[in-house]
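To keep things clear, I will list the structure first and then write my remarks on it.
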Amino acid sequence: MAEVGGVFASLDWDLHGFSSSLGNVPLADSPGFLNERLGQIEGKLQRGSPTDFAHLKGILRRRQLYCRTGFHLEIFPNGTVHGTRHDHSRFGILEFISLAVGLISIRGVDSGLYLGMNERGELYGSKKLTRECVFREQFEENWYNTYASTLYKHSDSERQYYVALNKDGSPREGYRTKRHQKFTHFLPRPVDPSKLPSMSRDLFHYR
């Protein structure tokens, strides 16, 4: 028990240290620093079970991610990302990991993969927590959130690449997105254990 408690304390310290250290360092100018910190955080997250994560008090949130196009975002074990209209789907239960003020990573509870965006703006599931898996979470005026890549954007206009789902639930490439499009607007919805099938409750450690 003491060892587990030490992991939590260390993780909490690492995340707060990461936040303060990042404060005056532009992400684009510090790839080595950011990669090192993400590796440290990922290692500590992997030591605990999903049940243990409940002790992290706001650092990690378990949510569904609902898009204005009518779909919940899912991360599948084979690394594909898609949307579903099914509420509380197995692969739509996600963990939101707060890395710093306004910076998050998103991981599928069942798949264990992190949401990532590559240089072409394509969404995918990553086994490792890398810079492609860090997004800037912004609260918009219409009460929805947007999630922008911290690594990729249009070189000419500086317009950011956003996480987005099309009207058919397919992922929309980041280079085709704009902040005020409904494709890019999401609501993090809380998970209701009573709506999960019994098998899923055991899988996600809900009793």
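Backbone N, Cα and C atoms are what each Cβ position is placed from, and that goes for glycine too.
Within its own chain, ASN78 (N-linked glycosylation site) has GLY125 as residues 6 or more apart in sequence whose C-beta sits under 8 angstroms from its own. Annotation source Swiss-Prot lists N-linked glycosylation site at ASN78.
Residues within less than 8 Å, Cβ to Cβ, of SER111 (phosphoserine) and separated from it by at least 6 positions along the same chain comprise ILE75, PHE76, PRO77, PHE91, GLY125. The feature phosphoserine is assigned by Swiss-Prot to SER111.
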